[in-house]
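Positions annotated as substrate binding site by TrEMBL: His136, Thr137, Lys274, Asn283, Arg292. Sequence annotations record features per position, and here TrEMBL assigns divalent metal cation binding site to His166, His211, His266.
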Amino acid sequence: MKKPVIAISMGDPNGIGPEVILKFLKQYDLSNSIPVLVGSGKVVEYYSEICDIHLPIRRFSEKDSLENGNVYLLDLNESSNFEINPGEISNLAGKMAMKAVEKGIELCMNKQADALVTAPISKESINLAGYNIPGHTEFLAEKTKTEEVVMVLASEILRVALATIHIPLKDVSRSITKGIIQRNLRILQKSLKVDFGIYEPKIAVLGLNPHAGDGGVIGKEEIDIIRPALDELSSEGLNVVGPYAADGYFGNGMHEHFDATFAMYHDQGLIPFKTLTFGEGVNFTAGLPIIRTSPDHGTAFDIAGKNIADMHSFQSAYQMAAMMAQNRIRKS
Ligand SMILES: NC(=O)c1ccc[n+]([C@@H]2O[C@H](COP(=O)([O-])OP(=O)(O)OC[C@H]3O[C@@H](n4cnc5c(N)ncnc54)[C@H](O)[C@@H]3O)[C@@H](O)[C@H]2O)c1
Ligand SMILES: N[C@H](C(=O)O)[C@H](O)COP(=O)(O)O
(Lines of atoms letter the chains of each structure in order from A and count residues from 1; the text may use other names and numbers.)
(Lines give C-alpha, C1' and ligand atoms only; values in the text may rest on other atoms or scores of the structure.)
(Ligands and ions follow the chains in the order given, each with its own letter.)
Protein backbone atom coordinates (compact mmCIF):
# COMPACT_ATOMS: atom_id res chain seq x y z
CA MET A 1 0.00 0.00 0.00
CA LYS A 2 1.09 3.57 -0.72
CA LYS A 3 2.83 5.19 2.25
CA PRO A 4 1.45 8.60 3.26
CA VAL A 5 3.50 11.69 2.50
CA ILE A 6 3.54 13.99 5.52
CA ALA A 7 4.46 17.63 4.96
CA ILE A 8 6.06 19.30 7.99
CA SER A 9 6.12 23.10 8.11
CA MET A 10 9.24 23.90 10.12
CA GLY A 11 7.76 26.64 12.29
CA ASP A 12 9.51 29.72 13.59
CA PRO A 13 13.26 29.33 12.88
CA ASN A 14 14.02 31.03 16.21
CA GLY A 15 11.81 28.65 18.19
CA ILE A 16 12.05 24.98 19.16
CA GLY A 17 10.21 23.69 16.07
CA PRO A 18 13.26 22.68 13.98
CA GLU A 19 14.87 21.05 17.04
CA VAL A 20 11.88 18.84 17.91
CA ILE A 21 11.48 17.87 14.25
CA LEU A 22 15.11 16.68 14.03
CA LYS A 23 14.91 14.85 17.36
CA PHE A 24 11.76 13.10 16.19
CA LEU A 25 13.12 12.15 12.76
CA LYS A 26 16.34 10.77 14.27
CA GLN A 27 14.40 7.91 15.87
CA TYR A 28 11.48 7.58 13.45
CA ASP A 29 10.92 4.37 11.48
CA LEU A 30 10.86 5.72 7.93
CA SER A 31 9.12 2.67 6.54
CA ASN A 32 5.77 4.00 7.82
CA SER A 33 5.48 7.32 5.95
CA ILE A 34 7.49 9.83 3.95
CA PRO A 35 8.26 13.10 5.77
CA VAL A 36 8.78 16.24 3.68
CA LEU A 37 10.29 19.17 5.58
CA VAL A 38 9.01 22.47 4.24
CA GLY A 39 11.18 25.41 5.24
CA SER A 40 14.85 26.22 5.09
CA GLY A 41 17.97 24.13 4.52
CA LYS A 42 19.98 26.69 6.43
CA VAL A 43 17.75 26.24 9.47
CA VAL A 44 18.07 22.45 9.24
CA GLU A 45 21.88 22.78 9.13
CA TYR A 46 21.95 25.19 12.06
CA TYR A 47 19.90 22.98 14.40
CA SER A 48 21.60 19.79 13.15
CA GLU A 49 24.86 21.23 14.54
CA ILE A 50 23.28 22.32 17.84
CA CYS A 51 21.60 18.94 18.39
CA ASP A 52 24.37 16.90 16.77
CA ILE A 53 21.80 15.16 14.59
CA HIS A 54 22.96 14.70 11.03
CA LEU A 55 20.28 13.04 8.93
CA PRO A 56 20.64 12.16 5.27
CA ILE A 57 18.05 14.45 3.69
CA ARG A 58 17.07 14.45 0.03
CA ARG A 59 16.02 17.50 -1.90
CA PHE A 60 12.30 17.54 -2.73
CA SER A 61 11.52 18.10 -6.36
CA GLU A 62 7.97 18.51 -7.62
CA LYS A 63 8.88 16.42 -10.70
CA ASP A 64 10.33 13.35 -8.98
CA SER A 65 8.30 10.72 -7.21
CA LEU A 66 9.14 10.26 -3.54
CA GLU A 67 10.77 7.07 -2.34
CA ASN A 68 9.92 5.37 0.89
CA GLY A 69 12.71 5.36 3.51
CA ASN A 70 13.84 8.95 2.93
CA VAL A 71 13.40 12.34 4.52
CA TYR A 72 12.90 15.13 1.98
CA LEU A 73 13.45 18.87 2.22
CA LEU A 74 11.59 21.50 0.24
CA ASP A 75 13.89 24.50 0.72
CA LEU A 76 12.01 27.78 0.34
CA ASN A 77 14.91 30.00 1.38
CA GLU A 78 17.93 28.90 -0.60
CA SER A 79 19.28 32.41 -1.16
CA SER A 80 18.08 33.92 2.08
CA ASN A 81 20.65 35.74 4.24
CA PHE A 82 18.36 35.56 7.24
CA GLU A 83 20.24 35.17 10.55
CA ILE A 84 18.97 32.60 13.02
CA ASN A 85 18.76 33.95 16.57
CA PRO A 86 17.08 31.46 18.88
CA GLY A 87 14.56 33.15 21.16
CA GLU A 88 14.21 36.32 19.09
CA ILE A 89 10.91 37.76 17.88
CA SER A 90 11.46 38.78 14.28
CA ASN A 91 9.38 39.69 11.31
CA LEU A 92 11.66 37.73 8.92
CA ALA A 93 11.31 34.63 11.07
CA GLY A 94 7.53 35.08 11.08
CA LYS A 95 7.54 35.40 7.31
CA MET A 96 9.66 32.26 6.83
CA ALA A 97 7.40 30.31 9.16
CA MET A 98 4.23 31.34 7.35
CA LYS A 99 5.65 30.73 3.86
CA ALA A 100 6.29 27.15 4.96
CA VAL A 101 2.74 26.75 6.27
CA GLU A 102 1.38 28.16 3.02
CA LYS A 103 3.45 25.75 0.94
CA GLY A 104 2.49 22.83 3.17
CA ILE A 105 -1.20 23.63 2.66
CA GLU A 106 -0.61 23.84 -1.10
CA LEU A 107 1.07 20.41 -1.15
CA CYS A 108 -1.92 18.90 0.64
CA MET A 109 -4.51 20.67 -1.47
CA ASN A 110 -2.68 19.49 -4.65
CA LYS A 111 -2.54 15.94 -3.24
CA GLN A 112 1.28 15.95 -3.27
CA ALA A 113 1.10 15.36 0.49
CA ASP A 114 -1.48 13.45 2.52
CA ALA A 115 -1.27 15.50 5.72
CA LEU A 116 0.36 18.57 7.23
CA VAL A 117 2.09 18.74 10.62
CA THR A 118 2.84 22.31 11.65
CA ALA A 119 5.69 23.18 14.00
CA PRO A 120 4.99 26.20 16.23
CA ILE A 121 4.87 29.77 15.02
CA SER A 122 5.17 32.92 17.09
CA LYS A 123 1.97 34.92 16.86
CA GLU A 124 3.95 38.08 17.55
CA SER A 125 6.47 37.40 14.77
CA ILE A 126 3.88 36.50 12.16
CA ASN A 127 1.91 39.64 12.95
CA LEU A 128 5.10 41.71 12.60
CA ALA A 129 5.51 40.03 9.22
CA GLY A 130 2.10 41.31 8.20
CA TYR A 131 0.08 38.15 8.73
CA ASN A 132 -2.87 39.59 10.56
CA ILE A 133 -4.12 36.31 12.01
CA PRO A 134 -4.01 34.80 15.51
CA GLY A 135 -2.83 31.31 14.54
CA HIS A 136 -2.57 28.41 12.11
CA THR A 137 -6.21 27.44 12.57
CA GLU A 138 -7.57 30.67 11.14
CA PHE A 139 -4.93 30.71 8.37
CA LEU A 140 -5.75 27.13 7.35
CA ALA A 141 -9.45 27.95 7.24
CA GLU A 142 -8.77 30.98 5.04
CA LYS A 143 -6.34 29.23 2.67
CA THR A 144 -8.52 26.16 2.21
CA LYS A 145 -11.64 28.34 1.88
CA THR A 146 -13.27 26.54 4.80
CA GLU A 147 -15.78 28.62 6.75
CA GLU A 148 -16.21 26.31 9.69
CA VAL A 149 -13.35 24.71 11.62
CA VAL A 150 -12.98 23.55 15.20
CA MET A 151 -9.83 23.39 17.33
CA VAL A 152 -9.50 19.96 18.93
CA LEU A 153 -6.75 19.06 21.40
CA ALA A 154 -6.36 15.32 21.65
CA SER A 155 -4.39 12.90 23.80
CA GLU A 156 -4.74 9.36 25.05
CA ILE A 157 -6.67 10.52 28.11
CA LEU A 158 -8.89 13.32 26.84
CA ARG A 159 -10.03 15.38 23.90
CA VAL A 160 -11.05 19.00 24.23
CA ALA A 161 -12.74 21.08 21.53
CA LEU A 162 -13.54 24.78 21.58
CA ALA A 163 -16.58 26.95 20.87
CA THR A 164 -14.39 30.04 20.47
CA ILE A 165 -10.66 30.02 19.70
CA HIS A 166 -8.23 32.93 19.64
CA ILE A 167 -10.33 35.86 20.79
CA PRO A 168 -9.91 38.21 23.75
CA LEU A 169 -11.72 37.10 26.89
CA LYS A 170 -13.87 40.25 26.87
CA ASP A 171 -15.41 39.12 23.53
CA VAL A 172 -16.21 35.56 24.55
CA SER A 173 -19.70 36.03 25.95
CA ARG A 174 -21.07 37.81 22.91
CA SER A 175 -19.48 35.21 20.60
CA ILE A 176 -21.28 32.34 22.28
CA THR A 177 -24.42 31.89 20.19
CA LYS A 178 -26.74 28.98 19.65
CA GLY A 179 -25.60 28.85 16.01
CA ILE A 180 -21.87 28.66 16.88
CA ILE A 181 -22.41 26.00 19.52
CA GLN A 182 -24.50 23.84 17.23
CA ARG A 183 -22.22 24.33 14.22
CA ASN A 184 -19.07 23.43 16.16
CA LEU A 185 -20.66 20.47 17.92
CA ARG A 186 -21.83 19.03 14.60
CA ILE A 187 -18.30 19.42 13.15
CA LEU A 188 -16.83 17.85 16.29
CA GLN A 189 -19.23 14.91 16.25
CA LYS A 190 -18.47 14.20 12.58
CA SER A 191 -14.73 14.46 13.18
CA LEU A 192 -14.87 12.09 16.16
CA LYS A 193 -16.53 9.55 13.89
CA VAL A 194 -14.51 10.03 10.72
CA ASP A 195 -11.07 11.11 11.97
CA PHE A 196 -10.95 9.39 15.36
CA GLY A 197 -13.00 6.31 14.46
CA ILE A 198 -15.51 6.61 17.34
CA TYR A 199 -18.76 4.93 16.36
CA GLU A 200 -21.18 6.84 18.61
CA PRO A 201 -19.39 9.83 20.13
CA LYS A 202 -20.51 11.08 23.53
CA ILE A 203 -19.70 14.74 24.09
CA ALA A 204 -19.80 16.74 27.34
CA VAL A 205 -20.43 20.49 27.08
CA LEU A 206 -19.16 22.97 29.66
CA GLY A 207 -20.99 26.06 30.83
CA LEU A 208 -19.57 29.54 30.36
CA ASN A 209 -20.05 30.99 33.83
CA PRO A 210 -18.78 29.89 37.24
CA HIS A 211 -20.86 26.90 38.37
CA ALA A 212 -22.51 26.89 34.94
CA GLY A 213 -24.46 29.98 36.00
CA ASP A 214 -25.97 28.40 39.13
CA GLY A 215 -29.54 28.54 37.86
CA GLY A 216 -29.07 32.02 36.39
CA VAL A 217 -27.67 33.61 39.56
CA ILE A 218 -24.16 33.99 38.03
CA GLY A 219 -24.97 34.52 34.36
CA LYS A 220 -27.69 33.44 31.99
CA GLU A 221 -25.87 32.08 28.90
CA GLU A 222 -26.45 28.51 30.08
CA ILE A 223 -30.23 29.00 30.32
CA ASP A 224 -30.71 31.27 27.31
CA ILE A 225 -28.20 29.82 24.83
CA ILE A 226 -26.32 26.65 25.73
CA ARG A 227 -29.12 24.45 27.04
CA PRO A 228 -31.55 25.23 24.18
CA ALA A 229 -28.72 24.56 21.68
CA LEU A 230 -28.07 21.17 23.29
CA ASP A 231 -31.77 20.28 23.47
CA GLU A 232 -32.13 20.81 19.72
CA LEU A 233 -28.98 18.81 18.96
CA SER A 234 -30.19 15.97 21.19
CA SER A 235 -33.45 15.84 19.27
CA GLU A 236 -31.38 15.49 16.08
CA GLY A 237 -29.69 12.45 17.64
CA LEU A 238 -26.36 13.91 18.82
CA ASN A 239 -25.21 12.57 22.16
CA VAL A 240 -24.38 15.89 23.86
CA VAL A 241 -24.67 16.35 27.62
CA GLY A 242 -24.36 19.46 29.76
CA PRO A 243 -23.74 22.23 30.47
CA TYR A 244 -21.37 21.18 33.24
CA ALA A 245 -19.60 23.51 35.67
CA ALA A 246 -16.03 23.36 34.32
CA ASP A 247 -14.10 23.24 37.60
CA GLY A 248 -15.99 20.36 39.18
CA TYR A 249 -16.18 18.55 35.85
CA PHE A 250 -12.41 18.28 35.49
CA GLY A 251 -11.78 18.11 39.24
CA ASN A 252 -14.04 15.09 39.44
CA GLY A 253 -12.45 13.32 36.46
CA MET A 254 -15.71 13.39 34.51
CA HIS A 255 -13.82 13.94 31.25
CA GLU A 256 -12.87 10.26 31.45
CA HIS A 257 -16.49 9.29 30.72
CA PHE A 258 -16.78 11.21 27.45
CA ASP A 259 -15.17 10.99 24.00
CA ALA A 260 -14.71 14.76 23.98
CA THR A 261 -15.26 17.81 26.15
CA PHE A 262 -16.55 20.95 24.48
CA ALA A 263 -15.30 24.12 26.18
CA MET A 264 -16.62 27.62 25.65
CA TYR A 265 -13.25 29.39 25.36
CA HIS A 266 -9.53 28.73 24.87
CA ASP A 267 -8.20 28.65 28.42
CA GLN A 268 -11.26 26.91 29.86
CA GLY A 269 -10.38 23.88 27.75
CA LEU A 270 -6.64 24.20 27.20
CA ILE A 271 -5.56 24.76 30.80
CA PRO A 272 -6.96 21.42 32.00
CA PHE A 273 -5.83 19.74 28.77
CA LYS A 274 -2.23 20.94 29.00
CA THR A 275 -2.09 20.40 32.75
CA LEU A 276 -3.11 16.79 32.33
CA THR A 277 -1.24 15.97 29.11
CA PHE A 278 1.53 18.53 28.35
CA GLY A 279 4.23 16.99 26.21
CA GLU A 280 2.05 14.41 24.54
CA GLY A 281 -1.06 16.25 23.32
CA VAL A 282 -1.91 17.03 19.72
CA ASN A 283 -3.70 20.01 18.24
CA PHE A 284 -5.97 18.87 15.40
CA THR A 285 -8.06 21.12 13.17
CA ALA A 286 -11.46 19.53 12.55
CA GLY A 287 -13.54 20.49 9.52
CA LEU A 288 -10.72 21.13 7.02
CA PRO A 289 -10.49 19.37 3.65
CA ILE A 290 -6.91 18.39 4.62
CA ILE A 291 -5.45 16.63 7.65
CA ARG A 292 -3.57 19.03 9.93
CA THR A 293 -2.01 18.35 13.31
CA SER A 294 0.45 20.21 15.50
CA PRO A 295 2.17 19.70 18.87
CA ASP A 296 0.46 21.14 21.96
CA HIS A 297 3.22 23.64 22.67
CA GLY A 298 4.48 26.91 21.24
CA THR A 299 7.84 28.30 20.16
CA ALA A 300 9.25 28.08 23.72
CA PHE A 301 11.66 30.97 23.06
CA ASP A 302 12.99 30.65 26.63
CA ILE A 303 14.66 27.33 25.77
CA ALA A 304 15.18 27.69 22.00
CA GLY A 305 18.65 26.75 20.71
CA LYS A 306 19.59 24.99 23.97
CA ASN A 307 19.00 21.42 22.81
CA ILE A 308 16.69 20.68 25.74
CA ALA A 309 13.27 20.73 24.03
CA ASP A 310 11.18 17.59 24.37
CA MET A 311 10.00 16.11 21.07
CA HIS A 312 7.20 13.84 22.31
CA SER A 313 4.29 16.13 21.51
CA PHE A 314 5.66 16.61 18.00
CA GLN A 315 5.99 12.83 17.74
CA SER A 316 2.33 12.38 18.75
CA ALA A 317 1.26 15.03 16.23
CA TYR A 318 3.21 13.36 13.43
CA GLN A 319 1.94 9.88 14.30
CA MET A 320 -1.66 11.05 14.48
CA ALA A 321 -1.37 12.74 11.07
CA ALA A 322 0.26 9.65 9.54
CA MET A 323 -2.39 7.36 11.02
CA MET A 324 -5.27 9.51 9.76
CA ALA A 325 -3.64 9.78 6.33
CA GLN A 326 -3.10 6.02 6.16
CA ASN A 327 -6.78 5.46 7.04
CA ARG A 328 -7.89 7.76 4.25
CA ILE A 329 -5.59 6.00 1.76
CA ARG A 330 -6.97 2.64 2.86
CA LYS A 331 -10.56 3.83 2.35
CA SER A 332 -9.90 5.47 -1.05
N1 LIG B 1 0.85 25.55 17.20
C2 LIG B 1 1.43 26.71 17.40
O3 LIG B 1 1.94 27.31 16.47
C4 LIG B 1 1.48 27.30 18.78
C5 LIG B 1 0.96 26.64 19.90
C6 LIG B 1 1.02 27.25 21.15
C7 LIG B 1 1.61 28.50 21.28
N8 LIG B 1 2.10 29.11 20.16
C9 LIG B 1 2.80 30.40 20.23
O10 LIG B 1 4.10 30.19 20.79
C11 LIG B 1 4.51 31.37 21.48
C12 LIG B 1 4.92 31.03 22.89
O13 LIG B 1 3.79 30.53 23.59
P14 LIG B 1 3.74 30.17 25.14
O15 LIG B 1 4.94 30.73 25.83
O16 LIG B 1 2.40 30.50 25.62
O17 LIG B 1 3.81 28.59 25.18
P18 LIG B 1 5.01 27.57 24.93
O19 LIG B 1 4.38 26.24 24.76
O20 LIG B 1 5.88 28.04 23.83
O21 LIG B 1 5.88 27.58 26.27
C22 LIG B 1 5.30 27.37 27.55
C23 LIG B 1 6.36 26.77 28.49
O24 LIG B 1 6.55 25.40 28.19
C25 LIG B 1 7.90 25.13 27.84
N26 LIG B 1 7.88 24.20 26.69
C27 LIG B 1 7.09 24.31 25.60
N28 LIG B 1 7.33 23.31 24.75
C29 LIG B 1 8.30 22.56 25.30
C30 LIG B 1 9.00 21.38 24.86
N31 LIG B 1 8.72 20.77 23.71
N32 LIG B 1 9.97 20.89 25.67
C33 LIG B 1 10.26 21.49 26.85
N34 LIG B 1 9.63 22.60 27.32
C35 LIG B 1 8.66 23.13 26.54
C36 LIG B 1 8.51 26.46 27.47
O37 LIG B 1 9.91 26.46 27.64
C38 LIG B 1 7.74 27.42 28.36
O39 LIG B 1 8.35 27.48 29.62
C40 LIG B 1 3.32 32.33 21.40
O41 LIG B 1 3.48 33.20 20.31
C42 LIG B 1 2.15 31.41 21.15
O43 LIG B 1 1.08 32.05 20.53
C44 LIG B 1 2.07 28.55 18.93
N1 LIG C 1 -4.28 27.39 20.92
C2 LIG C 1 -3.15 26.64 20.55
C3 LIG C 1 -2.42 26.16 21.77
O4 LIG C 1 -2.39 26.88 22.74
O5 LIG C 1 -1.81 25.10 21.70
C6 LIG C 1 -2.18 27.47 19.79
O7 LIG C 1 -2.40 28.82 19.96
C8 LIG C 1 -2.01 27.07 18.40
O9 LIG C 1 -3.03 27.46 17.61
P10 LIG C 1 -2.91 27.24 16.05
O11 LIG C 1 -2.87 25.78 15.85
O12 LIG C 1 -4.13 27.86 15.52
O13 LIG C 1 -1.68 27.94 15.61
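Every residue gets a Cβ built from N, Cα and C, even glycine.
Predicted automatically and left uncurated, TrEMBL annotations should be read as such.
For the binding-site residues His166, His211, His266, a Cα-Cα cutoff of 10 angstroms around Thr137 (substrate binding site) retains His166. Sequence-distant neighbours of Arg292 (substrate binding site) (same chain, six or more apart, CB under 8 Å from its CB) are Cys108, Ala115, Leu116, Val117, Thr118, His136, Leu140, Phe284, Thr285, Ala321, listed in sequence order.
Between the CA atoms of His211 (divalent metal cation binding site) and Lys274 (substrate binding site) there is a gap of 22 Å, rounded to the nearest whole number. Straight-line distance linking the Cα atoms of Lys274 (substrate binding site) and His266 (divalent metal cation binding site), rounded to a whole number, equals 11 Å. Counting Cβ atoms from all protein chains shown, Lys274 (substrate binding site) has 18 others lying within 10 Å of its own Cβ. In this structure, His211 (divalent metal cation binding site) is part of a helix by DSSP.
Secondary structure at Thr137 (substrate binding site), taken from DSSP and collapsed to helix, strand or coil, is helix.
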